[in-house]
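The structure appears right after this line, and notes come after that.
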């Protein structure tokens, strides 16, 4: 319960300033040569301190695998992994142990649990996503090699990447700090983030994710629809406020005549407003979805608030915070989506009866 | 697996033109006086044939409870229920047994399963939502009596209800056929749907749902965030293309300074861009979210397509179809949300340790 | 939660004197030609009134399939089924609505739930097992055709079938009322049950179940060991008091030297004290286990007891009760085991990675 | 899937000669002062090298908590823990990388997964139970303080503790190396184990577990019966061959008249052949069950076998192995049972509806 995945499952643990993060992946198929460099590479993409527009917290974010892999291959038994926290400084946080920061989870955690680890947000910190990146980047290796999952920053504040994804070259996504494959837009986004950072402010944005070559048939008909599993995963990412796929909210303005995707002879479709999914099941066309992220709640400016005793206080973020979460969220979205796909991909193998030999 | 809910769970069955729909609700608390009229009332709100702007299929949609309720009270044991299909006409569908209708699930079901019940879309029919309305309207009765869940049609095509939800009187939602509480907008929406219907076309729209008085603390920190569970539920509804809560996609354009919700002394917040949820947990403010629905794929106009043999065909919807799914989706959204809330509400009771007596 | 199965799952509903029993099987593979006669045949084997040594309650126990099967084949979508209760007589039970019968669940249900359906034991009635027989007899059809699951009554009271299972001819199990394949022992068992019945008393016994030709590799290493899943299923059967497999409790008296099963060259083993399972995983040898059933609690003799008000009462069973549950439990054990095996059989298909094509 | 528990869940990882064992406990209630010394104490009871009659493998078995506990209290978020392996010696095992040891899981793991970590049995090693002891000893702290869970060795080979559990003083269990509270029997058992050890042989036995003061109402009616959850847990313990509770297999020889437990006026029962459970639900009487363990498969004597190439080989255990697993299994049984009880205890709190305030 409250794990990720249905057959392939991920349990996780860890708090921002605890000893370590980590997780357990269950039911991973045996005999797969795991590319561990790729896992570390994905973690490095998410890591703080990569550029001037993200937080300068120092963490090497090195993943250690503790079980389930032998001689480089998965053994089919649970994969345990751990990422140690190196930069935990409990003292940094003592003064805010009673503070309720606006638009943070301090108040709700206290109300729900009657206790919380207040250091760096404790469990509510987005640092939890290191676990998801590890799990997703391993899970992706289950998928057919030609499946491509490419996310990119499609807007920062009011600056949008106007080009449709089809016109973008995803090999350029990593070529700039903001991870927008359109160089011109990227430049504007970076300038905007720097401006915002200078003001001690933060800014939101959207990420678009495109999945190519996913086999037909992935997703389950009733409560396991592909879009629902993706939406659930995305809305579990900290700061995520919305999810749409295919025509999304724009599709709600359209008529059936214009929205329907007519078939080609090979059962591909002439248009793809459906976003590659029909009845909850992949149809072989590109799957694409868009995720909204609110601006980071921690701003480096004084804000009026109250502490848990009800006394008025001033809270003011200090030091190492992201002015914009979007660039670092790109690998999170990609790898989290990969986990969902791998889970449903495995399950789909059981959905058609085949004569046992 | 692929049930709805985590502790309180719903399994369902049924196809559009099979014998019956039905479901089983597990772990329902014992001793609750169930208001069965309310359940039937919710079903009636979803029922076809209620007005001129929805499908004229005739179904009485009468729910029968088969277990788990004794002398009007829940017994704590599984609640089985059934809604018989009265209007199934297999012959209506024989001629399309091989047709692949555009933007329907015919092709994907065939590919995934190698077989499908082609009568009225079989399992992919939105008639499945009768089960969810039954389950949700029972589950809602677990929640505190003052919890209010009000959904309404907030847009049809390009026609938007411009008023914020705070300015609407939800007691007016049922006063018109389209279920928009703003009479003026409702009139325009209805006119638009009638126009679309005359053209044999269909149209999309959005539903906004507002939850008031939900206790603080509902939702789980990591993979069971309240917004994620709601998103998953909504994206499982047929034709749903997107979900946003609180500031949603608009919030992605904002800065932290403007987006943060400052506290009042009583820990309510001055603004509510967060949409009543912090860190995945309800904070006592209104929860509100918006759901996008694409236009119904079945249009009463000829469309080019192919059958499963790859032969070109013309498909053309006949007779009893919804020109706009939105009015009937209002009770689906409300009751489906209720199920999610009831599940997380129960779970939350276990999250704080209390000395056993 | 509290369904049967891990991937292939069964949810059930129904009370002894409610409207109907039924269930939903989820994740059944598509495209299998279901032998529905076989399902009814298994139900008939469990049915009351088959012989003079079982209860004379009249129930036709006819199963209706409501979904998930189309043109005789599974569609991959949930299979809903129902068995209507024909012989419910609420009035029979009014007088015992407050009685606590010795060694029944009346008291514990009242304490747990604060309410119970007292008619015929309500949910605690073993009539629930009709659901399991339906689900198991369908699930069995997923297994390779050569898998044989044979249960038989191996003891009634002090009368034991002394022959090892290897010396028995399972085709003889159905040739007598007690379902012991050894004719001579069967005769003694039947005589003993008739004697017991005449006294208004009841008697316990054991069932042995033998599974042949199960493929190697079924069962999961840690919490899904094959023996654990079988034990859990069996201990959920009403009146079951114990489970042992392979050498069982006798094996606890042995030394390693005598207990170890040495390999033959083909990796079969010379002995099979392990009972066909090593490390929770089937090894290709026969799987065999033994299940203990206590005597039925309802006896046709006066017993001192108390009602829920704490007043002393006399309870005395009337009419239609089983003097010995064993004969009817044989198909329950077999089919329940089949469900467990089918679930783990499907899961095992995903445990070895295979290059996607 | 394949975790332990229904609401309170445990995921685990680790192999005998990998880096570490560990686990994640989800849904633990917040605000409980955890007695960590007690957890380590339980681990120490299970630890190798405690006496001359158990394995001399050296492991300090020190548990580290990595999350979910803050200032000594649980925070309600996942509890991650780890036990590092100190004594892993891969070289010890190279020579047996292809050997199939009789009555071990070498063959079945290879067949199932196509690969295995052959060092010390890899995942199939009973060292996995360190995780269960940690999880169980924490979970026990959720239960009311007066709940007592006492297991003891009730037989070793043919030597039985003849006294009923009611006549034993459980405070004596730890006073001897074999963990049988009856000093005289303990002495015989120890002598027998030493004899067996000298022969390089091993021996089986049984453990009896008694649970006192469990509240009434624990256990779920259909697939979550208390005895079934206990049986599943026990049969997942390595070397376990059988489970019986209450009258168990002996009850199968009895008649209803003798087996029924008549009520006292306070709804306790005059006898307790039911073993404290009716209809799957605790009734307030002592719960007692018995678990059979086969002799350890590794013997320090030559045995004929085959390697994975089909070549005949001689296998012979070396060094540090348990001649009898029973003494160390006592804390495993107790703590594993505690986890099951805590899970069902929490769930039971939700089964009766109570008016929300």
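Each residue, glycine too, has its Cβ placed from N, Cα and C.
What TrEMBL records for this protein:
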type	residues	note
BINDING	C:46	NADP(+) binding site
BINDING	C:238, C:239, C:279, C:294, C:295, C:296, C:297, C:298, C:320	FMN binding site
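Residue pair residue C:320 (FMN binding site) / residue C:46 (NADP(+) binding site) shows a Cα separation of 15 Å. Counting only the Cα atoms, the space from residue C:238 (FMN binding site) to residue C:46 (NADP(+) binding site) is about 14 angstrom. Each residue contributes its Cα atom, and for residue C:279 (FMN binding site) and the residue listed as 'NADP(+) binding site' these two points are 33 Å apart. Proximity to chain D (Cβ-Cβ distance under 8 Å) holds for the following binding-site residues out of C:46, C:279, C:320: C:279. For the recorded site, the residue listed as 'NADP(+) binding site', the DSSP three-state label reads helix.
Straight-line distance linking the Cα atoms of residue C:295 (FMN binding site) and residue C:46 (NADP(+) binding site), rounded to a whole number, equals 18 Å. If you take the Cα of residue C:46 (NADP(+) binding site) and the Cα of residue C:297 (FMN binding site), they are about 19 angstrom apart, rounded to a whole number. Each of the binding-site residues C:46, C:320 was scored by the number of other CB atoms within 10 Å of its CB, and the largest score is that of C:46. Neighbour counts of Cβ atoms within 10 Å were compared for the binding-site residues C:279, C:295, and the top value is held by C:295. In the three-state DSSP classification, residue C:238 (FMN binding site) falls within coil. For residue C:238 (FMN binding site), the Cβ neighbour count at a 10 Å cut-off comes to 22, with all displayed protein chains included. In three-state terms derived from DSSP, residue C:295 (FMN binding site) belongs to neither a helical nor a strand segment and is classed as coil.
If you compare every pair of Cα atoms in C:238, C:239, C:279, C:294, C:295, C:296, C:297, C:298, C:320, the residues listed for FMN, the longest distance is 45 angstrom. In sequence order, C:101, C:102, C:103, C:104, C:202, C:239 make up the list of same-chain residues 6 or more apart from residue C:297 (FMN binding site) whose Cβ falls under 8 Å from its Cβ.
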